[in-house]
Amino acid sequence: MGKGVGRDKYEPAAVSEHGDKKKAKKERDMDELKKEVSMDDHKLSLDELHRKYGTDLSRGLTTARAAEILARDGPNALTPPPTTPEWVKFCRQLFGGFSMLLWIGAILCFLAYGIQAATEEEPQNDNLYLGVVLSAVVIITGCFSYYQEAKSSKIMESFKNMVPQQALVIRNGEKMSINAEEVVIGDLVEVKGGDRIPADLRIISANGCKVDNSSLTGESEPQTRSPDFTNENPLETRNIAFFSTNCVKGTARGIVVYTGDRTVMGRIATLASGLEGGQTPIAAEIEHFIHIITGVAVFLGVSFFILSLILEYTWLEAVIFLIGIIVANVPEGLLATVTVCLTLTAKRMARKNCLVKNLEAVETLGSTSTICSDKTGTLTQNRMTVAHMWFDNQIHEADTTENQSGVSFDKSSATWLALSRIAGLCNRAVFQANQENLPILKRAVAGDASESALLKCIELCCGSVKEMRDRYAKIVEIPFNSTNKYQLSIHKNPNTSEPRHLLVMKGAPERILDRCSSILLHGKEQPLDEELKDALQNAYLELGGLGERVLGFRHLFLPDEQFPEGFQFDTDDVNFPVENLCFVGFISMIGPPRAAVPDAVGKCRGAGIKVIMVTGDHPITAKAIAKGAGIISEGNETVEDIAARLNIPVRQVNPRDAKACVVHGSDLKDMTSEQLDGILKYHTEIVFARTSPQQKLIIVEGCQRQGAIVAVTGDGVNDSPALKKADIGVAMGIVGSDASKQAADMILLDDNFASIVTGVEEGRLIFDNLKKSIAYTLTSNIPEITPFLIFIIANIPLPLGTVTILCIDLGTDMVPAISLAYEQAESDIMKRQPRNPKTDKLVNERLISMAYGQIGMIQALGGFFTYFVILAENGFLPTHLLGLRVDWDDRWINDVEDSYGQQWTYEQRKIVEFTCHTAFFVSIVVVQWADLVICKTRRNSVFQQGMKNKILIFGLFEETALAAFLSYCPGMGVALRMYPLKPTWWFCAFPYSLLIFVYDEVRKLIIRRRPGGWVEKETYY
């Protein structure tokens, strides 16, 4: 985004003749955006700035010149990305993936009906009904999915909210408020506390100006802005303020150096909207499954089409058969089952504080192998808290737990009382009103993060700070500023045994120590000699090394003879001592890890998931937090740790000896992708510190190059490109910016890393349960297809009709299939490695072999047994049925003889045939009972798993009740051509149901007894 990037770069490219030119340009643009922010305006002197932009530093641009630049560069606004129209999204739901298979089925049905209508006098309406039902299924499920996902999308909408409406510019020497879109490069702009920065500014003058850069760089503390060039990196230097960040206090004046899409924020917006999200793993799985099913259907269809022509059927009949076989292979209910299963899991996750925006993301989280987590607010509590104190020449640990259950220290020490008094008095933070009944740590505070931490600590240890402040009334105060780096106040001292005025001071330790001549030890003041100074310095370095923010505290009792009652203290022309004070102690603060985080990180490690911390913080702080959160585990060393232990230079340590690794953003900037790949490959515990948004994206891409499925957490605008690029983006619900929530697939409502682990568990469970659900649904395909195939080959009366197939797929099988989504995990699913998307498929050859080749075949036998029993009871023995089809289906023949010589009219024959259809249907329901029970587990015995799934038990009753209703309800003979059955016919399939159960229990027993053996390799899906 430096000077080299001309304005033409951002104009829409002319439509090229070749699509690949466009693609190459898009890739080039994306590479350009991934580069670090490069600008040199922060290095220029005011004179050079004036020459570069032609701006008068006191009068600004002329109105005419501003108009010219506006015409050249266009408005100061973010270009909205091309959005997908709603109708296109709806069509994707209607015609994407699985739906396409059903549409093809429906079209083939209408085609078959058309052929029948054209060639027969009284065609049957089965195919017409089937076509209508299939279309209805797709439309209803499509609407449902569209409704579920319509709640998301539109990344740029949130960026629009970030564009400030008005800006104060100086043109022709006059201040004027203009629409922010009219701000141009070279404009002289003024901002004050509460304003949003209207463009990227080079600050030329400032007064106590602080900006909140958290949405851009992830730094939680407000950053000082001044005209000084303090850092080579434009994101770190103090003299650049960025578009759409907030000015929180003070005033500043600056020259606009970038506008619109060319600003740092504009680049991030372009980056986020230009990224391709990629296909979710579950979408890829469903696509793979459709290929398998379509392959099977077409292979069977074409084989039997050729076979029927060989068997001398007419080509019209052969086409009808072809269509029938393809449609019979389509599991009509599966699309709805998968959608409902994912929705149920999404609802279950919402109850556990994970809000899923994109249904397919539910499963993606389960296959995650790497989590790149932000630090602030996700791994840590989003607040500072006191971690350690140093007084009486030793370090004391404070209690940082959320429920105050940790260690304590001696609170009766006179030095601690003096230290707590300074921390309470030299502090502007106050509790907000009406919170008396809330626990102290949960109360809201008006004040900055460090002072809030001190206030809560003193309130917990010493009682009411407000009462302390009332007793020690404040007389004057010098607030903290970046030059002095200390805060000072003078108070009335209520203790009559001591001088009347107490001066208290806190600030950066290095500034504090210079001003002290004595130290308070065990309540007694002693001179500060070199030995004590070294002890202080070491304590400061030790606390700083823990990644904590250290503040020093000292006081001074002002002598009464110099400062009598009513003395007028002057803070402008200081008339009181600020040197030779008495040092009391240090207090250090940290953003502590959330209580559940170390446990959650441990769970991830057990589940084979790598947790990488990516933060904008200083490496020392980042490393300390990573150790506290368990990301760098006990005993694992970085290269620096090994060098320190062996007392050798860092370069002599082999990087591969270190399991842990802390990478600084500036090092990452100079790395090739091969070097980054090496770090990701050879180190198990990684922390990236001081990273920029572009680098976060590069880290995600690096992990994906390793074949990892990456989840990324983030809350700032700076995180949205990485959230979009990741396989699953997880945004923070409480502190997250709108932009990050738009880019993410999932939102953590409680901002807690532990909720992600819950999500991973749910994701793994739904993958297992979807497998079971699909295995259950596919099994009944075989008893549905085989009647049709035998009907063609053996020329027997049709054993099972199209309408009855629909009653199974969209009726009796639906609730049981969905009930498997409620099944509990078989074993500890968080103890196994993440699944490999290349090898561990949702539907694999073993699942097809089990469903079609084994269990499905037993089910088909059960159905045919019932079919032959009924026809035999009616006089048609099995041998007599061969070749009977042509006469049987001819409506003009009314004297077909059975095995005993009885004659049957067409009407009578059809009633027996439809009774057989009903009985075959009931047999499938009976054998599906056993199938449902065996699908509860893939490895364990059903007796180990138990029958605790109430929905599944309801499913068993529901499918039986529905089958009975369809069979016995008056009028069904006309509506669905289903007829009442004798009670004994229900029992024909029972032995087959029992056989399925026993067969599968034995198979699972062998798998458990001989892990890795032949049975597991061939049948464990």
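Even glycines carry a Cβ here, placed using N, Cα and C.
With respect to the membrane, ASP840 and MET972 are recorded by Swiss-Prot on different sides. Feature annotation (Swiss-Prot): of 151-170, 671-690, 771-790, the stretch labelled transmembrane segment is 771-790. A simple Cβ count within 10 Å picks out one of the modified residues TYR258, TYR540 as the most packed, and that one is TYR258. Under the DSSP three-state reduction, LYS659 (N6-succinyllysine) is assigned to coil, being neither helix nor strand. Taking every listed stretch (130-150, 801-821, 950-968) in turn, the largest tally of C-beta pairs under 8 A with the transmembrane segment (771-790) is reached by 801-821.
Its Cβ taken as reference, LYS659 (N6-succinyllysine) is surrounded by 16 other Cβ atoms within 10 Å in the chains shown. Each residue in the topological domain 'Cytoplasmic' (937-949) gets a DSSP state, and the totals come to 4 helix, 0 strand, 9 coil.
Within the same chain, residues 126-127, 129-130, 133, 137, 324, 327-328, 331-334, 336-337, 340-341, 344-345, 766, 769-770, 772-773, 776-777, 780, 784, 914, 917-918, 920-921, 924-925, 928, 932, 935-936, 949, 951-952, 954-956, 958-959, 962-963, 966, 976-978 sit at least 6 positions outside the transmembrane segment (801-821) and bring their C-beta atoms closer than 8 Å to a C-beta of that stretch. On a Cα basis, LYS485 (ATP binding site) lies 16 Å away from TYR540 (phosphotyrosine). In the three-state DSSP reading, LYS485 (ATP binding site) counts as coil.
In this structure the C-alpha atoms belonging to TYR258 (phosphotyrosine) and LYS659 (N6-succinyllysine) are separated by 43 Å. Counting Cβ atoms from all protein chains shown, LYS485 (ATP binding site) has 13 others lying within 10 Å of its own Cβ.
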